[in-house]
Amino acid sequence: MSTINQAYDPTGSNRMEEPVLVANHLRKEFPINDFKLFAPRKVVHAVEDATFELYPGQATALVGESGSGKTTVARMLARLYDPTSGEISFRGEPIKLQSHRAAVLRQYRRHVQLIFQDPFASLNPIHDVRYHLSRPLRLFGHAHTEDEVTEQVLALLRRVSLSPAEQFIQKFPHQLSGGQRQRIAIARALAVHPEVLLADEPVSMLDVSIRLDILNLLLRLKKEEQLALLFITHDIASARYFAENTLVMYAGQMVEGGPSEAVIQTPKHPYTQLLLAAAPDPDRIKAQGHGLSEEVHARGEIPSLINPPEGCRFHPRCPHAMPVCKQHFPARTELGNGHWTNCFLYTDQTIQQQTTAPAAQS
Amino acid sequence: MNTSSSQFSQGSNSTAKQIKQDNPLTPEREMVRALRRPWYERAGRGAQVVWHESTKNKKVAIGLIIVLFFILVAAFGPLFVHTDPNLLSMDAQAAPSAAHPLGTTALGQDIFKQLVVGTRSSIFWGFLTGIAVTIISILVGLVGGYFGGAVDEFLSLLTNVFLVLPALPLAIVLASYFPRGPQTVAAVIIVTSWSWGARVLRAQTLSMRSREFVSSAKSNGETIWRIIFFEIFPNEISIVAANFVSTTLYVILASASLEFLGLGDPNGISWGAMFYWAQKDNALISGLWWWFVPPGICIAVLGAGLSLINFGIDEIADPRLRQEKIPKLVREKKVIA
């Protein structure tokens, strides 16, 4: 863990730049196919109001536990799912989310690529590495002849540190380890020459010993290519190592966001505090001067997204729940320096109370 | 690392040309050349794998030998028959002898010649119809399964309707309305028997569609038709092969049945037509067993061969069905509890 903290580079965040990809109030509901006469149609409220920006050369971590809608967000951005409402804009231009024409989708995917969570499932078992990497090269017109394809596939394999590339090119997915497969999956996304890379828990299926390698590979690529990276994870510690910005999601709602240092060192939303309490971090414990005993304790589970709790979806588990939490979802409160949270504890009238009783809870 | 990445960002379009012009044999260029795998090499490798698998599995090997034998007879047998097999002769109802290896019919036609020439028609139309049925079931099954929604609803409905239609009676009715001939028999069988394969492939495609490699190909920019036929279809090839073999078997049996009922071309020569004439001329009552037994054996043996291939494909595709060879010494060990 200590290496993780040392490697973090806070100078990387530069808010002056224009965002590449902007998600605006994205919402996704999945209808449930169980037809009952006269009963209202049920839907899963997977993502409610996701708003964020991705900047070139910067990583944004999307943190949350299983079922919080992180993957749905990534798949909406990759245009595998259509958002129920909301909009996506790339370089300031809104994307026509209604259009499913192949040309429109391909034009979008030329810039935005997705890396899947499970490298054991995301490669077709009957195709070899060359096929997997040659398809995007040919589809997006980066290579035309057989020799160009071979050359570029070799270059891609070297870029994801698979050497000797000449041997990997012939291999089939079943001949590769999990880490090697994930590198192939990354190379496949890079073959398109994208500007935005959406990484959907790229290391969660991998052995612990190779996670750091893959993370470092992604960091290196981000720096070399000025990629805008969305890094989805349930491990808030790796978010801090990896990403300049962190967003925290709970049950489909974004509850806190901002520069990773701020979010992780001074978490404001009770859910973020809960998440951090679950991740062991020696620095934080030392800084606070006391052990885990006074931290927020986990209770309850992530609610059903078919009938989510009214208002703030975290209120049934929240140690600071107030009556107002059950009625409305709190608006975004800016905490300065780009750090924001959606919590009634920090809305204007409550902020004074907090300052008089100096941050006792956090 | 550095060199390769900078080269890449330049766009290797230019580097490729540069290498081509400046120095035709840099080590890198040589490596690219060495890694070149043209289509005939890949096809050869594929054939090698198929050959290896099919000779390793005894059932497939025996089945293939039987089927290949019939195919060879169908292809080359008629070349050795110099007289018309329908030629009448005075030597009627003769038992098998040196002059007529399988005897003659009630009209004095040589049965051996009829059998050899009939093999061509039965095999040719059998396999052609089998291929056509398989192609239709692939198209309907994969397209319906992949697209889902209204397309799937419509194709499923169509498949279900054809599934519940009694195939053989319908085929008999249809065949009696159209001009007689092997084409009619083939067309009728195609119409009545594509639905089973389509059903199976649709179910398989439905499960494949939600596999992650399909979404990852999609998000990678792959086209829909390429996803269906290059990503999903190759994963179903064992089902398709098994389906093709069993369909061909069914088709050969069904066309023999239709021809036996007199719905084929009565002047054509095929196994079914031989049955038809044997039945019409009371071969059974006259004791002319050599008339109807040989085509019957042919159909039974060919059917057995195709079934063996089918079992073998199942075993190759599903390791749980494979019979492991256990050494005698190991086999004789008793379980002591």
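Including glycine, each Cβ sits where the backbone N, Cα and C put it.
Predicted automatically and left uncurated, TrEMBL annotations should be read as such.
So that you can see what the record holds, here are the features copied from TrEMBL:
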- B:1-15: compositional bias 'Low complexity' (COMPBIAS)
- B:1-27: region 'Disordered' (REGION)
- B:60-81: transmembrane segment (TRANSMEM)
- B:123-147: transmembrane segment (TRANSMEM)
- B:123-310: domain 'ABC transmembrane type-1' (DOMAIN)
- B:154-178: transmembrane segment (TRANSMEM)
- B:184-201: transmembrane segment (TRANSMEM)
- B:237-258: transmembrane segment (TRANSMEM)
- B:288-313: transmembrane segment (TRANSMEM)
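Across the candidate stretches B:60-81, B:123-147, B:288-313, the maximum count of CB pairs under 8 A to the transmembrane segment (B:154-178) is reached by B:123-147. If you look at the transmembrane segment (B:60-81), the same-chain residues 6 or more away from its ends with a CB under 8 A from one of its CBs are 53-54, 113, 116-117, 119-120, 122-124, 298, 301-302, 304-313, 316. A Cβ distance under 8 Å defines the sequence-distant neighbours of the transmembrane segment (B:184-201), meaning residues of its chain 6+ beyond its ends; these are 125, 128-129, 132-134, 136-138, 140-142, 144-145, 155, 159-160, 162-163, 165, 167-168, 170-171, 174-175, 178, 236, 239-240, 243, 247, 250-251, 254-255, 258-259, 263-264.
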